[in-house]
Amino acid sequence: CHFKHRKQRFVDIGDSLLTLKLTHALSSSVQNFPSDAIKILNRLEELDLSNNRLRNVPDNSFHFLRSLKKVHLQDNTIEMIHRGTFQGDIHRDLTEVYFSFNSVRNVQQHTFADLIQLEQIHLDDNRIESLERRAFMNLKSLKRLNLKGNKIATIAYETFQNLPELEDLDLAYNSISSLDFNIFDQVGSLGMFHVNMSHNKLINLVVAPSVPFEQDTGLGGLQNIKVLDLSFNNITSVAKQFFRPVELSLMQLYLGHNKLLNATKDLFGNMPHLQVLDLSHNSLYELDFDTFRNTKKLQWLDTSHNRISEIPNDLFRFLGNLRIVDFSHNRLRSLPDNLFRETGLERLDVSHNLLGKLPLTSLSLASAQTLSELDLSWNSISSLSHGGQLARFKCLSWLDLSYNRLGQIDAGTFKGIPRLASLNLGHNSQLTLEINGLSFQGLEYTLLHLNLDNVSLSQVPALSTPNLLSLSLAFNSLPTVALEVAGNISSLRYLNLDYNDLSAVPIVTHSLTELRHLSLEGNPITTLSNTSLLGAANQLEELNLKNIDLTVLESGAFCKMQPLRTLKIGVYRNIKNFNIPSILQFNDGLKNLEIHVTKDTDTLDNEMRGAWPLKLQNLTLSGKGLKKITGKMFQGVRSPTFHLTVRNTSIIKIPFDVFRNMLPVRNVSVDVRDNILLKNLQNPSTGSKPGKPRSAFLTDLKLMGGKWSCDCDLGWVEVWERKRRQYLCPVLLRVSILRNIIVGTLMMVLGTGCVRIKITGVWLKFLRVILSVVGVKLRWRN
């Protein structure tokens, strides 16, 4: 569109048009905002000129648009927003303004002022270096101000003036080197105020000199910040009383991924409403005994990934609201007696430390009775002798003792834990179990998940656990699994037998009628016949056969497995004319396929030639043996939606032919993380936009972990990101980066690396607490 005869362009609809969208519509030669053509649209409420090449927006561009509510100008090349562009007496209905992904360098005084209905301003991913005083002024309805991804180094006092309803101020990914709470003196006094200053250049947090209070302009008093995120900076020291202005308001404080050395009462001891404190990934050596003296509402404390070697006995005295404590990845050799005195503790993580014994005496009877999850993995615990103290854990449902030095589990050890549902004893290589099953006495009807990986088993112990859902026996020396085992684990749905001495698929799988997931990776199985999987064929949904040197694979081995949804296999060189599509021709429901290559292989053209199952939409290629992929390998893809993962291979280049030959594909996503040799990935999109006939568009891309060169071969990524924002990321659906970080933090804790991540009641309850502070409502069904 060149806007010839601009004044006549919208004459006929000037009094009726409410919404005008010209995204990616203007000629590249149009650099000036087309105000002459648009000014006659006097009833226009929403204007979208995003994804063009606009450079200049004159200050009178919107003066005739008195009904304007939303302005979308993101993804242009705008260099300046002139003072007076938006005026309070004209734009009384304006609610949202988007200038994201432009080239704005500064925000002048009164650029956004006296706009009584304005709720959102988005200036993220520009080149803003400075914010002038009173740049944002008298915006009484403003709730979100997004300034992330700029070059802001300092923020002047009174930059934000009279913004009483502000809830979310995002300053992440800037160059801010100092923090003065005085800049928030007139911000967020009436709402739940969140400040995100993560990923900046903060080093030393010092107390700023006080600023004289102006009665006629300021709101005065202490700050109303509820959530403060200072993570991913370089903070090495925090001055005493630094948090004094926000002590009475803070509910969540995030200081993870910094370089703090200690935690004291002067910093965290007087925050009466603080519920969440994240000090993870620092260099903490110690916590003072009175660190939380008057911070009595603390519910979640994370001090993981530090250098703490000792915990003071009185650290948690009188903290009756404490629910989750994470001491993992430290240097603790013991925990003091009665460290946890109050009732209410639900999860304790002391994994990856140096504990030599169970810290049972660290919990009083009151705290032990409410504990639901206990993680003691990766320590040096050698004995579970407890003198009956385990019986105090009446609510314990999740216990992880993996990667310790346990030698023996006596009969009835867990008998006093009536609700234990998940038990991990894996990787205690010297562990001796009672073959008659007495080691698990008392857990017969409560145990749902059991991990016995790498515990030197030569036979499966007797398990009288009819409700057991998952059993992991990987990295043992099992030559077989006795058929009689099935009778006592009749509800089993997941069975992991990786890296044992199995020479054939165990017949016991034929009797496990509820089995859905079976993993046999790394066993010396050489033959897979038409009857090997016959017993499980009618219900199995996932099968892992990686790292197996098959010499015989009968053509009907998988043909009866109609419910199969996920298959992981290798490239079996000892099988003549091995072809994957041919062995899967009857698996119409297969959606996910992983092909693992261990031995050096140039291509898989022959192995992958042919038509793939119609619903196959996720293909993973893994293994150092794979050196090259070609377009011929993907000619058989038939699903219109396709996700390609290339993980931990020796591939150097992924050519365009790979994607050009996926003829039926319309939406493609690519994950090429962790390929240390990969240097070149050509554009997977064969069309210029989504929905274009006979072409595919890239919907998602993950690149981390390669040896990428920022040259022309990778330059397409920037153009694609622009199009993705335009077509796939509607502005109205964008979520606050602060909320993402908070939810992401929870998900990182939840992702324990277990075979099955179990979101327990502890986390569901606490998730509500966290998200309620950031304005997100959580619902779930039991």
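Numbering starts at 1 and runs along the chain as it is shown here.
Placement of Cβ uses the backbone N, Cα and C atoms for every residue, glycine included.
Lifted from Swiss-Prot, the feature list:
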- 191-212: repeat 'LRR 8' (REPEAT)
- ASN196: N-linked glycosylation site (CARBOHYD)
- 224-245: repeat 'LRR 9' (REPEAT)
- ASN234: N-linked glycosylation site (CARBOHYD)
- 249-270: repeat 'LRR 10' (REPEAT)
- ASN262: N-linked glycosylation site (CARBOHYD)
- 446-467: repeat 'LRR 18' (REPEAT)
- ASN454: N-linked glycosylation site (CARBOHYD)
- 468-488: repeat 'LRR 19' (REPEAT)
- ASN488: N-linked glycosylation site (CARBOHYD)
- 491-512: repeat 'LRR 20' (REPEAT)
- 514-535: repeat 'LRR 21' (REPEAT)
- ASN530: N-linked glycosylation site (CARBOHYD)
- ASN618: N-linked glycosylation site (CARBOHYD)
- ASN648: N-linked glycosylation site (CARBOHYD)
- ASN667: N-linked glycosylation site (CARBOHYD)
Provide, as an integer number of angstrom, the distance between the C-alpha atoms of ASN262 (N-linked glycosylation site) and ASN234 (N-linked glycosylation site).
15
With the repeat 'LRR 8' (191-212) as the reference, find which of 224-245, 249-270, 446-467, 491-512, 514-535 contributes the most Cβ pairs under 8 Å.
224-245
Cα-Cα distance linking ASN454 (N-linked glycosylation site) and ASN648 (N-linked glycosylation site), given in Å to the nearest integer
24
Can you tell me how many other Cβ atoms are located within 10 Å of the Cβ belonging to ASN667 (N-linked glycosylation site)?
18
Tally the residues of the repeat 'LRR 18' (446-467) by DSSP class, grouping H, G and I as helix, E and B as strand, and everything else as coil.
0 helix, 3 strand, 19 coil
Do you know offhand how many angstrom separate ASN454 (N-linked glycosylation site) and ASN488 (N-linked glycosylation site) by C-alpha?
22
Mean pLDDT, the repeat 'LRR 21' (514-535)?
94
If you tally other C-beta atoms within 10 angstroms for each of the glycosylation sites ASN234, ASN454, the top scorer is ASN454
Compare the Cα of ASN234 (N-linked glycosylation site) against each of the glycosylation sites ASN196, ASN488, ASN530, ASN618, ASN667 and report the nearest.
ASN196
Could you measure between ASN667 (N-linked glycosylation site) and ASN196 (N-linked glycosylation site) for me? Cα positions, answer in whole angstrom.
34
For the glycosylation sites listed here, ASN196, ASN262, ASN488, ASN618, ASN648, which shows the highest count of neighbouring CB atoms within 10 A?
ASN196
